[in-house]
Amino acid sequence: MRHYGRCYWELSKARLSILVVMTSGAGFVLGSGSVIDVPCLGWTCLGTMLAAASANSFNQILEVTNDSNMKRTMRRPLPSGRISMEHALAWAGTSGSVGISLLAYQTNATVAALGAGNILLYTLAYTPMKQLHPANTWIGAIVGAVPPLMGWAAASGHLDPGAWVLASALYFWQLPHFMALSFMCSKDYLAGGYKMVSGPKAALIALRNCAYLLPVGFIAHYAGVTSGFFGPEAAILTAGMGTTAALFYRDPTLQRARHMFRASLLYLPALMFAMLLHRVPNRNTAKESLDNTAPSGNETSLEAKSKRSNPEDYTRPPIAYASAAPFPFLPVPYFR
């Protein structure tokens, strides 16, 4: 039993899946009102963990031949023969089914659809694309940006503009992170048959996406997700990672790539912590809207309706514009 438990842990890429759960949990807290629904947060994290485990397991099932040719991955359960293909398929299917079912029954249909869509995107688009074109990294970045949306939708019941702030940060963060990894593991990726960006071009892409991260903190404040303190703090954090990216671009060596990779590992938890520290309760949740619009005491329903239409009662500023969903398969964001 312990043997199979270890195999399931490795098939699931558990450490990576835990990071995914952290981003989903952060999205849940940011999308919550003044009171955080802890049981729902727990179910969301558990469902996200199982969905991520399923996607990672399917990834290894499809890449078993490639993994056997790479030093970094040849000791995984499938290439090493520690678990059968049938057993791995059963684990991937079961964890995915249970995870999506939990999300559907304990949160809402939007969260379940995002989770199921992300498994399909990771398995059917990102995984095969790795052997065809370097654009796989951008598809992978979309996959990584979805869990915060899942958390937000679980907490609020829908996706409003604020939901896309952390998702955007996750998307742009992944490009410097994976460009450094691609540079460091270029020989291994070549042996595995993967098409990855490498060399000076990887450094340029990393630097460019660090620049895209600079306004995220100020956008978060404008969207009413955080207080004004978060903008300068996020910019300082981004400047720190951006400095390592600039040095990597100026001198594209293995050592510079390692420095930027380590900076990216520190950046994400620091950014999420600052974001949660300065969060503004979401007044667009179903519960908050119900509490704010229900007539109390001697208040008439007409007065309650008037209170609903008063923009000063909302912490988040109304957004008048509309846009299409920037990611495939995602529903169009909810705009008030």
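Each Cβ is built from the backbone N, Cα and C atoms, and glycine gets one as well.
From the options 16-35, 56-75, 76-95, 296-315, the stretch TrEMBL describes as transmembrane segment is 16-35. When each of 16-35, 138-155, 161-181, 229-249, 261-280 is scored by its Cβ pairs under 8 Å to the transmembrane segment (109-126), the top-ranked stretch turns out to be 138-155. Of the ranges 16-35, 161-181, 229-249, 261-280, the one with the most Cβ pairs under 8 Å to the transmembrane segment (138-155) is 16-35. Beyond the transmembrane segment (16-35), the same-chain residues lying 6 or more positions past its ends with a Cβ under 8 Å from any Cβ of the stretch are 41, 44-45, 48-49, 52-53, 56, 144, 147-156, 162-163, 165-167, 170, 225, 268-269, 272, 275-276, 279, 281-283, 285, 287-288. If you look at the transmembrane segment (229-249), the same-chain residues 6 or more away from its ends with a CB under 8 A from one of its CBs are 176, 180, 183, 200, 203-204, 206-207, 210-211, 213-214, 216-218, 220-221, 256-257, 259-260, 263-264, 267, 270-271, 274-275, 277-278.
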